[in-house]
Each structure stands twice: as structure tokens, then as C-alpha cells.
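Could you have a look at this structure, given as C-alpha cells, before my questions?
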Amino acid sequence: LKCYKLVPPFWKTCPEGKNLCYKMYMVSTLTVPVKRGCIDVCPKNSALVKYVCCNTDKCN
């Protein structure tokens, strides 16, 4: 997940209200993201799931 070095034309801009980009990983396979998208608040990590969030509304 790149927050500040955007690679055109592939970046995503998040909509109002869900303006943080995030990626979700399973802790057992940290190299393979399970899900990515936009969210309003960065979720807390758990024993099974790790979240990586940007504090911007644009990301790759």
C-alpha cells in the first residue's frame, strides 16, 4: 500500500466519509493482502488480522 508515492494512472481516490485507504492481511500470510479499499476508521489489529492504513484518501 503506497500512501504518498502514487503511481499514475493506477491510484484510487476514496469517497467522502470513507476517506482512508486500507489493506487487510491475515497474520499467517502477511505478504498476501486479503482485502483493500476505503474505510472511515482504521480497524484495530487482532490475533488473526493485521490492517495497514493510510491517512490519505489517495493510494495505490
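Just so you know, glycine gets a Cβ as well, placed from its N, Cα and C.
Swiss-Prot lists these features:
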- CYS3-CYS21: disulfide bond (DISULFID)
- CYS14-CYS38: disulfide bond (DISULFID)
- CYS42-CYS53: disulfide bond (DISULFID)
- CYS54-CYS59: disulfide bond (DISULFID)
Using a 10 Å radius around each Cβ and counting other Cβ atoms from all shown chains, which of the disulfide-bonded residues CYS3, CYS21, CYS53, CYS54 yields the largest count?
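Of CYS3, CYS21, CYS53, CYS54, the one with the most crowded Cβ is CYS21.
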Give the three-state DSSP assignment (helix, strand or coil) for CYS42 (disulfide bond).
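For CYS42 (disulfide bond) - judged by DSSP and reduced to three states - the answer is coil.
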Is any of the disulfide-bonded residues CYS14, CYS21, CYS59 within 10 Å of CYS42 (disulfide bond) (Cα-Cα), and if so, which, in sequence order?
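Hits: CYS21.
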Out of CYS21, CYS54, CYS59, the disulfide-bonded residues in the record, which is closest to CYS38 (disulfide bond) when you go by Cα distance?
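Result: the closest of the disulfide-bonded residues to CYS38 (disulfide bond) is CYS21.
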For CYS3 (disulfide bond), name the DSSP secondary structure in the helix/strand/coil scheme.
coil
Using a 10 Å radius around each Cβ and all protein chains in view, which of these disulfide-bonded residues has the most neighbours: CYS14, CYS38, CYS42, CYS59?
CYS59
Would you kindly give the Cα-Cα distance separating CYS54 (disulfide bond) and CYS21 (disulfide bond), rounded to the nearest Å?
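It is 5 Å, counting Cα to Cα.
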I'd like to know which of the disulfide-bonded residues CYS3, CYS53, CYS54, CYS59 sit within 10 A of CYS14 (disulfide bond) at the Cα level.
CYS59
For CYS54 (disulfide bond) and CYS3 (disulfide bond), determine the Cα separation and express it in whole Å.
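Distance between the two Cα atoms comes out at 6 Å.
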